[in-house]
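Below: one structure, written as structure tokens.
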Amino acid sequence: MASITDRETLPSDVKPIHYDLDLTKLDLKAFTYDGQVRISLEFKQQTSSISLNYKELTLHGGRLTVDGSDGDNTISSIECDKTQVAKLSLENPTPGSGTGVLEINFSGSINHEMAGFYRSAFKNAEGKDDWMFSTQFESCDARRAFPCFDEPNLKATYDFSITIPQKFTALSNQPVKESISAGNGLKKVSFERVPKMSTYLLAWACGDFEYVEDFTDREYEGRGRLPVRVYTTKGLEEQGRFALHNAKKIVDYFSEIFHIDYPLPKVDLLAVHEFSHGAMENWGLITYRTTAVLFDEKTSDSRYKNRVAYVVAHELAHQWFGNLVTMDWWSELWLNEGFATWVGWYAIDHFYPEWDVWGQFVTQESLQTAFALDGLRGSHPIEVPVRNALDIDQIFDHISYLKGSGTIRMLSSHLGVETFLLGVARYLEKHAYRNATTVDLWAALGEEAKTDVAAFMNNWIKSIGFPVLTVTEKPDHIVIQQKRFLSTGDVKPEEDQTTWWVPLFLSDKSFTAGSEKTTALTSKEAIIKGIDTNFYKLNNSQNGFYRVNYPAERLVKLGEMRKQLSVADRIGLIADAAAMALSGLGSTTGLLSFLAALEDEENYLVWAELNEQLGKLRSVFSESSQEIKDGLKKFTLDLVTPAAEKIGWEYARDEDFLTGRLRALLISAAGGSGHKGIIAEAQRRFKFYTSGKDKSAIHPNLRLAVFRIVIAEGGQEEYDAVLNEYLSTSAVDGKEICLSALGRVRKPELIQQFLELMLSDKVKTQDKHTPAISLSNNAHARHALWEFIKKNWETIYKQLSGNMVVLDRFLKNSLNKFASLDVKEDIEKFFADKDTHGYEKGLALISDSIKGNANWVQRDQEAVGKWVKEHVKA
């Protein structure tokens, strides 16, 4: 094995140039297939063996043909090891240069683990159990489907063919080249050659598919208007219309802003019934979980509309940033994901300005989730050393995606978005069909902006964590100090060595007339002169990836002036104040007083952040005294009641998107904090809905709110009604909504029933984290969830570890809400003798989260109890 900077990589004796892959003998009952791959190689140096990647395949031998020589060089033996490498020993050594073709015959299985070449179960249009077949290769699962050189910087071209039943449709990265009868009700489908790309982007699918189609508005040189299709299993195709409408526009939009035309002759989007992630950017054949691509105008909750539009944009961004130009190695995954996340939001803001997507971005949707993870000791730098496949899977996380996009947004705001995008276009053009590094991106942006981008961005990429800026006010100036933020509040001197370049994003009106404006903090501490202390706010529009700790009086003053602030700024103030309370840099009573003044807020996104922080307070302090629990519940009720009663239950015909979202949030929050009128109305509507008398009694946007309320307040009858809805719903978002609601159960016997359901085959592996999230957020159920995990660990591990991404996600979502050091110790003790490779980073984050919560309760519960007694009316 060759090791470059401690990476487990293949030897560099040979390099792949082209793959010719042919799959035959698909047995759709035993779920097996045969394959032959012919890999054109370039010889770099003489070797007596060739090593490539494989996993869960049977290799049947093969031969090497050297171009220009007579005879074949047979593979004399195949040695397979635990590092997913097959060493093919040759009868004769290879030449030190030139080219040849390595031919390997192999067999594989079509697994049910959402990785490699796999099968997805679904109910077909006749209501019968059926299968569809597709691939998921990122990061290192192409090797599960065929033997290959499965590293991102070993790009090659591809020819692909597959023999399938006549009634099936086959899809791959490129259009069909020919389809010919293979006898016995079969056909062989071959596809056009795929341009040079990494193995993880190859894709194929087959099944009983239908599609909806449209064409780009732009004409593409030599290709005309490009066909864009959304494929689904039969009967669902019309639900692909909204994704189709967005996809055709976004392909044109990205072609324009990147100054490079979309490179392939078609764009296919495929809805896959079982999917480990949200979507996958395979070049020309983008795959999605159903809730990220399908939307029914009549039955879907409108929040899924937002999700579909964004995920379509994110995956299309990858067609350039990731596929055309690919990171050199997985340590720079953020280059793909951070950029696609930012530019995905950027595109949706362009097409749907009324959605205020940058306001969304600042909430838990993106920024706050990234802050929460990066404020933990167990976080990692954006650019992180990656050794092997299991390390790679663990960095598909909120740091690579959300902190990555947060830093991109900060940089683009500083440089100016137009300049930034011109720099991106320069980067894409220079490295097209090749691999590139973070340094290459900084160079292209620096050339465009005429500044040394690397100098001020390196710490953001290579250092762990982010800064909190603490502000001290003086009569004619302010002093700003930067320090690493940890939510546990216990930063050690050796953990605070980084000095970040911090753009201050102070608006012009923050300075007094004629004063010199300071734009960035470049030291641990600085004096900022010329500040207008009547009104100033750091981090305008929350463009920077940092938190601000204001003096208590300033926070009050900003709260009073909040109507002059943007939505993003109001969200930022709430989130930062809450983070200061958690870490001990501020006080929880100060946070409560700040939140108490916000009852006249009217914006959905600000309410979303407000509700999030109220929920977190109630969750973390849920095992404190009854007075604190009751007090925080009543405080929430008092805060949301006026807004909830004002907005009411009815949707106007032409109501805007965000008002509709606000109604759902306020009804859920009021019902969840004990509003008797809203609980009674939810129960009344639920009875009409579930009895079959009136399916319109619950608006699609209110299903989750109503179901949650009746489950929390009800018993077996309500549980059974929502369970029946779960088992019978045909709405694309229906199952996800039901699982989220059922997790609100309070009675011990119902909690146990739901836990058993979660582990049963009635909940697909792709969805098992949904009940876990709901139960862990439920103070009545989270301890039962942990006991259930311990008791059933062998079964859980067996079900979820076939795809470590799924197991890691399940555990992080199940165990991170506790606020007890005893539970933290119990979790650590339980996993001490387990093989945790593949989810050990997740366990470290769980421990950090619990420690932060426990410290918070220990430090502040007495003060919170006193505040509640004084400020909340009984």
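Glycine is no exception: its Cβ is also placed from the backbone N, Cα and C atoms.
Per TrEMBL, the features are as follows:
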- Glu315: active site, proton acceptor (ACT_SITE)
- His314, His318, Glu337: Zn(2+) binding site (BINDING)
- 15-201: domain 'Aminopeptidase N-like N-terminal' (DOMAIN)
- 242-460: domain 'Peptidase M1 membrane alanine aminopeptidase' (DOMAIN)
- 535-851: domain 'ERAP1-like C-terminal' (DOMAIN)
- Tyr401: site 'Transition state stabilizer' (SITE)
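Feature annotations (TrEMBL) mapped to structure.
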residue	record	CB count, 10 Å
His314	Zn(2+) binding site	27
Glu315	active site, proton acceptor	25
His318	Zn(2+) binding site	24
Glu337	Zn(2+) binding site	26
Tyr401	site 'Transition state stabilizer'	23
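Separating the Cα atoms of Tyr401 (site 'Transition state stabilizer') and the residue listed as 'active site, proton acceptor' is a whole-number distance of 13 Å. Listed in chain order, the extra residues whose Cβ falls within 8 Å of the Cβ center of the Zn(2+) site residues His314, His318, Glu337 are Glu281, Glu315, Ala317, Phe321, Gly322, Asn336, Phe339, Ala340, Thr341, Gly344, Tyr401.
Straight-line distance linking the Cα atoms of Glu337 (Zn(2+) binding site) and Glu315 (active site, proton acceptor), rounded to a whole number, equals 10 Å.
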